[in-house]
Amino acid sequence: MVSMDIRTVLLFSAIFRIILIIYGEWQDSHMEVRYTDVDYQVFSDAASFMASGESPYKRTTYRYSPLLAFLLIPNSIIHRSWGKFLFSALDLLVGWFIYTILKLRKVPENLCMYSVVVWLFNPFTFTIGTRGNCEPIVCAMILWIIICLMKGNVLQAAFWYGLVVHLRIYPIIYALPIILVLDPDFFQSGLKPKLQNWSSSQGKTPQSHNRVTGQYDLVTTLKSVFTRRRIMFGLVSGAVFLFCTGLFFYLYGWEFLHEALLYHLTRTDPRHNFSIYFYHIYLHSEQEFSVVEKLISFLPQFIVQLVLIFSFAQDLPFCLFLQTFAFVEFNKVITAQYFVWFFCLLPLILPWSKMTLKWEGLCCIFVWMGAQSHWLMWAYLLEFKGRNVFVQLWFASILFLAANTFVLIMIIRRHKFAPVFEHRDRATSKNAAKLK
């Protein structure tokens, strides 16, 4: 691993993905079970409608931004696998961004390569793009936002953040930690933010509780929240989001607004999925849920998000990973593709983990995979054998929630807190800015 450089790993990964795409075409033509994701056909049909000048929402179950359909118009012109190659290329770009972020933080080369491999050769991730799922687009944009912030490009980060929230609504949960990170002690006029190196975080001994966990004093935060960069980030990202949303509302009307945005905010799926809420939703699928029921399902997510943000916001990649993991864990609908949302952030925290692979790491992997396999067994009996195992499947969802909680706690306990940015002395910074 040490002897291989990033370009060699990316080249090997690219060849591997090309082979998988070609194999997928063969499997789709010769086998009953298709390799291609069912959503890819939805994307392609929507792109075909857009190419002919019609609304992409003529394709039922297309619930994404028209931008996605626009990117896949070459599916109808060049080849139907265009989108798979595009998503796989962005999958590789995610690997490059992971490497870039870790090198910016001066992580040793061998740890960078191990972390990149965790993404590029993870079965959950390399099958996503090659099967035609669009999640690599969002993953690449989120990592690029982190890079922009690390380099002090707040305007560029704000632009991409507004765009990614338009594409997929879930990154809205990152707004508060990003705002908190745009602290005037880190981002000062005329100066790039000072990054904390990996080596400097390794030898540190815990100081005060507030310094170690990165907790923010709520009153102090509220007093200093309206800084120039925070306001600029909010205005630019909000303007980009509203421009894209307004443009497509003008072009496609309420149908766009409902399918691309409102549907995801109110989505309740009566079909079986990993969420503990699926059985209750299934039993009451023909009834309207009360405000109390909606609040009960939303409160755990909201409380956990706030606790994680105010505890770990300074360690931004770690905070975003925990947020995403917890968001998926407590969501009302959970599908396997959602796991990719936090898998792209996992390599960014591995160099700061004190968890050993031999025992604790393998334990977490086996607990998570075991709970998931147990759920899939009951799902198979329900979906393919037609057995009435809804209660057993619900208990399997509860077990999967417990497994996720266990893994999350283990990751937090074994993580070495490392703020991305270092505080600058304001007087020194002013003098440096003047000299510059």
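Heads up, the Cβ atoms here are built off N, Cα and C, so glycines get one too.
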Range annotated transmembrane segment in TrEMBL (choices 6-24, 139-157, 158-176) is 6-24
Contact set of the transmembrane segment (231-252) with the rest of its chain, CB cutoff 8 A exclusive, min separation 6+ beyond the ends, reads 55-57, 65-67, 154-155, 157-159, 161-163, 165-166, 175, 178-179, 182, 260-261
Same-chain residues at least 6 beyond the ends of the transmembrane segment (85-104) with CB under 8 Å of its CB atoms are 6, 9-10, 13-14, 17-18, 21, 71-72, 111-113, 115-116, 119-120, 125-126, 128-130, 132-137, 139-140, 143-144, 146-147, 150-151, 195, 198, 317, 344, 347-348, 351
With the cut-off at Cβ under 8 Å and a gap of six or more residues from its ends, the chain residues touching the transmembrane segment (393-412) are 272, 274-276, 278-279, 322, 325-326, 329-330, 349, 353, 355, 360, 363-364, 367-368, 370-372, 374-375, 377-379, 382
